[in-house]
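Only one structure is covered here, and it is reproduced in the block below.
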Amino acid sequence: LSSLKKFDEIKKANQAAAKKLIEDQLSSSSEDDDEDAEVKQGKILDKTFTIYTSQTDGDASELERTRQYMNEAFQSGAMTCLICIASVKRNQAVWSCRGCFCIFHLVCIQKWAKDSLFLVSSPLTDDDFGKKDYPWPCPKCRFEYKRSETPSRYYCYCGKVENPTVDPWLVPHSCGQICEREFKPSCGHKCLLLCHPGPCPPCPKMVTTSCHCGKARPVPRRCSAKEWSCRLPCGRTLLCGQHACENLCHAGDCQPCPRVSKQRCICGRQTAERLCASPQWQCDQVCGKCLPCGNHTCEQVCHAGPCGDCPRSGKRSCPCGKTKFTLPCTEDVPTCGDSCDKVLECGIHKCSQRCHRGPCEICRQEVEKQCRCGKHTKRMPCHKPYLCETKCTKVRDCQKHQCRRKCCSGNCPPCDQVCGRTLGCRNHKCPSGCHRGSCNPCPETVDVKCNCGKTVIKVPCGRERTIKPPKCKQLCSRPPTCHHSTQEKHYCHFGRCPPCRQPCQKTLTCGHLCPVSCHDEALVKQTGLHQSAGPWEQPSEPAFIQTALPCPPCEVPIPVECLGQHEVSPLPCHSANPYSCKRFCGRLLDCQNHTCVKECHHVTKLNSSADENKAGPECSQCEEECTKPRPAGCPHRCVLPCHPGDCPSCLQMLKIKCHCKLSVLYIECLKLTSADLKEKELLISCRNQCPKELPCGHRCKEICHSGSCPLNCSQKVKLRCLCKRLKKEVQCSKIQEGQVSLECDALCKEMKRKACEIKEAEAKAALEEEKRRQQAELEAFENRLKGRRKNKRRKDEVEVEQSSWQKYKNLIMLPVFGVAVVMV
């Protein structure tokens, strides 16, 4: 059993391998699949662009960039993750960059962001570690993102749907909803495409906008190109206030005035020709005006306005700033004689000299200084730096090489050596400086060509071994291998050419041409030619061989009439013989009412001038009952068998109820069916009063009739006013129609008012009685509460009163206790 089982397994494996080989041979050219995929892709793109093109009247010229991204999303292997150098598939979670719209695997970009943040916040910045939010860059365009923007979940392109489902009729990784992202630059409108990769196209909305200068009338334009120039002179007043802008209608502020004019300086002493756009300028002369003190002159260069007070007037401080003096502006401030005490350049010690003019000297105090690395100390002047000769042994941020810098403070610089690690493409090495984490993607690209070499695509380095060759639009130039002079046109491809699909066009024996596809190189399966001795023996012959097949039977349609002459059908040329159409014969029988129900058959014509639709001797005989329609209302059948002509009159009696359903009448069927509406109304009536009840409750006064009873009831009824005092007899129908009403008179209203006053007096008396009862209960409760308080006070007095022993026990016990202590 184990041997048989093993034999079956090996046999199935060989069959699967043979099937795969056959499929590879049959699919040597995937032109049909490519065409179907292109048709499907075109439908999806049209569906995505429908809303946008409806706004632009079918103009899709602005969608080329977006279309390119979407074509790459559809093309197998075109979308590549630059981090792992692998294809991005439909069912994988991805992330798209906002700057370059490049697509990465979600796991890859998370690892990239984590490594980038770790490298930036490494021990290079120990003092700021954890205090600053360092960004991480996109691997392709280096667009920076914050730490909080690190992707953690898989969203569609527009960011509305988390974990979008895989739909073959949508763009990969799309949710299928309208994008609705803000256009860039922002114009207030949102993207109208379905959720898509790549940048949003320009805004297609139509807005009414004026030109830059505002002179021309507003015109409707696309929102993306709403800024336009009327090509007329601008005419706006320039900043000089004298001339107008002569440039054509333009955007933004006008250029400075290009004209030259004579202008005075700020102080007004000199005049020069200068640009009109810069009217204010300073000359090189010192002001020289006498200040208010009368002893000094203004030393400012060409200024406007008053010169101000003398800078030496008022209170002035000594050089050290400790003492202030009030002196004339002609005298200099003396030194105060106190110590200077200004902080020296070292930032630790103060100047020990007396108050002096000019800068302080360098710090010459000897202090115990520590070197930059903190391993050695030395006594030396404070102003000199101290660096030891010890080389740093810390590993740099690359975690490979030592710092080796003399007297390093611990904040080691980045490694200056080249990384040199093999990149993910396996073809080049990393040219960046030595670093930690993953290397940047390989920046090189490789050309992948089609079979003829005329179509080339550029792919990231390392992907040339796994990506499919591009689809070439050039025609295949190989010679045909069948009997045709030229082969069917198809695009450039690898492997064998697809089978010829041109019509065979060989002449058949019947004289027609063979219309089927060329069968000179058909694949035929061979079976039973060789029986393998066991699963270990390899088949010596292929399962399919390529051979020429004979032409199939002629299928040219030939018109042939059926046996019963019902139809003329086109039959294949090789089987064009009389046939039965399988319908009923349909010829009219002798009864003139029915037709022959036999299957289509041959009919012998007894007379050449007879009707073609008349039954012959081969047709069936009618044995049915008469099925002709009876008069309206007659439920009986014809007493004769199926016959030609009209049926006799019906003389049977009908049992029927009258209109009011109380009496049973017997009427002759012929009378009832031949009578008109008025006669039928009289025949079915029992001549008694109608027993039906009207909506008002009275009985109908009419004779037995059909339909609903009339609503004009003539019965007399009593009508009363609202207080039931007045009454009046009127016709019932008038009350139902609301024509008659009986209102209360003045006496009724007076009686109603007196009744209300009596009720109010009774309610007031009841309220006063309730208040008296509540007051009595309150007084009784207060009396009971006072009695309880007196009893409680008496109990407290009894408890507070003490006995004689409790009062004098301390005076008695103290002497007794003292005597006992003395005796002991």
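Cβ atoms are placed via backbone N, Cα and C, with glycine included.
With DSSP states grouped into helix (H, G, I), strand (E, B) and coil, the domain 'NF-X1-type' (187-205) comes out at 0 helix, 2 strand, 17 coil. Here TrEMBL flags 187-205 (among others) as domain 'NF-X1-type'.
Within its own chain, the domain 'NF-X1-type' (240-259) is flanked in space by residues 211-213, 215-216, 227, 229-234, 275-279, which lie at least six positions past its ends and keep a Cβ under 8 Å from the stretch. Residues annotated as domain 'NF-X1-type' in TrEMBL: 240-259 (among others).
Per TrEMBL, domain 'NF-X1-type' is recorded for 293-312 (among others). Sequence-distant neighbours of the domain 'NF-X1-type' (293-312) (same chain, 6+ residues past either end, Cβ-Cβ under 8 Å): 265-267, 269, 282-287, 329-330.
Under the heading domain 'NF-X1-type', TrEMBL lists 346-365 (among others). The list of residues near the domain 'NF-X1-type' (346-365) in space but at least 6 beyond its ends in sequence, with Cβ under 8 angstroms from a Cβ of it, reads 318-320, 322, 335-340, 381-383.
Listed by sequence, the residues of this chain that lie at least six past the ends of the domain 'NF-X1-type' (373-394) yet keep a Cβ under 8 A from its Cβ atoms are 345-346, 348-349, 362-367, 402-410, 412. According to TrEMBL, the feature domain 'NF-X1-type' maps to 373-394 (among others).
If you look up TrEMBL, you'll see 398-417 (among others) marked as domain 'NF-X1-type'.
Sequence annotations record features per position, and here TrEMBL assigns domain 'NF-X1-type' to 425-444 (among others). Sequence-distant contacts of the domain 'NF-X1-type' (425-444), counting only residues of its own chain at least 6 positions beyond either end whose CB sits under 8 Å from a CB of the stretch, comprise 82-83, 85, 111-112, 115-116, 118-119, 122, 139-140, 396-401, 414-419, 460-463.
With DSSP classes pooled into helix, strand and coil, the tally for the domain 'NF-X1-type' (482-502) is 0 helix, 1 strand, 20 coil. Per TrEMBL, domain 'NF-X1-type' is recorded for 482-502 (among others).
Positions annotated as domain 'NF-X1-type' by TrEMBL: 591-624 (among others). Model confidence over the domain 'NF-X1-type' (591-624) stands at 80, taken as the mean pLDDT rounded to a whole number.
Summarising the annotation, TrEMBL assigns domain 'NF-X1-type' to 634-652 (among others).
Same-chain neighbours of the domain 'NF-X1-type' (696-715): 658-660, 663, 681, 684-690, 731-733, 735-736, counting only residues six or more beyond its ends whose CB sits under 8 Å from a CB of the stretch. According to TrEMBL, the feature domain 'NF-X1-type' maps to 696-715 (among others).
Residues or ranges marked as coiled coil in TrEMBL: 744-791.
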Tally of DSSP helical, extended and coil residues in the domain 'NF-X1-type' (293-312): 0 helix, 2 strand, 18 coil
Close approaches to the domain 'NF-X1-type' (482-502) from elsewhere in its chain (Cβ under 8 angstroms; 6 or more beyond its ends): 25, 28-29, 31, 450-452, 454-455, 469, 471-476, 517-518, 520-522
Summary of DSSP states over the domain 'NF-X1-type' (346-365), given as helix, strand and coil counts: 0 helix, 2 strand, 18 coil
Within the domain 'NF-X1-type' (425-444), residues counted as helix, strand or coil by DSSP: 0 helix, 2 strand, 18 coil
